[in-house]
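Everything on this sheet refers to the single structure shown next.
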């Protein structure tokens, strides 16, 4: 079964993140990982499921509302504060949970994206102890377990589940909507959960007062919402040069002088329009960033390194804390002796293949006795080679990226 088919199934109600395994996974591996998750992350609720047709195993992962609150405090999730406590956005704190909007209502406090983000953070930060090993995989002390198993193919994939009810709502209010603004306001979507963590419903309450929709941000997160906010703003802004250019084209005379004048006028208009577009988007982007609580978030450079980073442990000369370290000279040596030659070889191969197809095209056109169908043979060969090289080069690029980014 394709990995996309999992997203079309109807999972158990209390599931946020799905972890799948190859059909060849043995019981020892499953029990080893399940035991580490339950001991290392007691906040998670993990249910094991087996697909009888593909014989593939999967972990259905979720958490209770109380555990999610502690997780929000741990990752510093920013949530809106009640007006009587100053309003705005603030990192969540369990000690002052009463100051946040909708804290009393499990249905509206966490969005599905926020729940999944907390669970993903826990899973990616499950660390190995000294000397731990699974079959032939030996972990370093403090190394993330799940990203390493995913890189080795032990875990097939870890992904959040879609909520079909919310997707249908977005389909009507966003995808199928014509000449309507994108849902980028303030709205809450999510599933209601009882004290055990079971999701009871996912639709909006009818008794809730109407408010501007914010469905994109609530469901897909701030990054996706910011992209579509920019895309919508850019599309709307393109109306002005399109209308102005159409008017110029309509009323421009056929003589060269009139056309040159209109080109200069249109160029000046585009310069002014581009300047106003950039300045207006700065204001609009800052408005969205403030509303979604990302205006003063820390830069990625001070966040924890990616879990797949490999190296030796050492004491950081800056923070005096343990960290993984990979010597820069080794990275530079790999880039010069491996990455650069491989890239040059791939470019040379593509150039020679393209040159050979051109030569074949000239030869085919020079032979008049050949059938008409064979004249398209060089183009067909070139298309097949490009498609094959695309798959091969994609794997090479991923390997070079992983090895060169150590």
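Each position is counted from 1, following the chain as shown.
Quick reminder: no glycine exception, Cβ is built from N, Cα and C everywhere.
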Per TrEMBL, the range holding transmembrane segment, considering 257-278, 279-300, 301-322, 367-388: 257-278
Given ranges 204-227, 228-251, the stretch to which TrEMBL attaches the annotation transmembrane segment: 228-251
Given ranges 170-189, 190-209, the stretch to which TrEMBL attaches the annotation region 'Disordered': 190-209
Positions whose Cβ lies under 8 angstroms from the transmembrane segment (228-251), at least six residues beyond its ends: 181-182, 184, 216, 262, 265-266, 269-270, 273, 277, 280-281, 284-285, 288
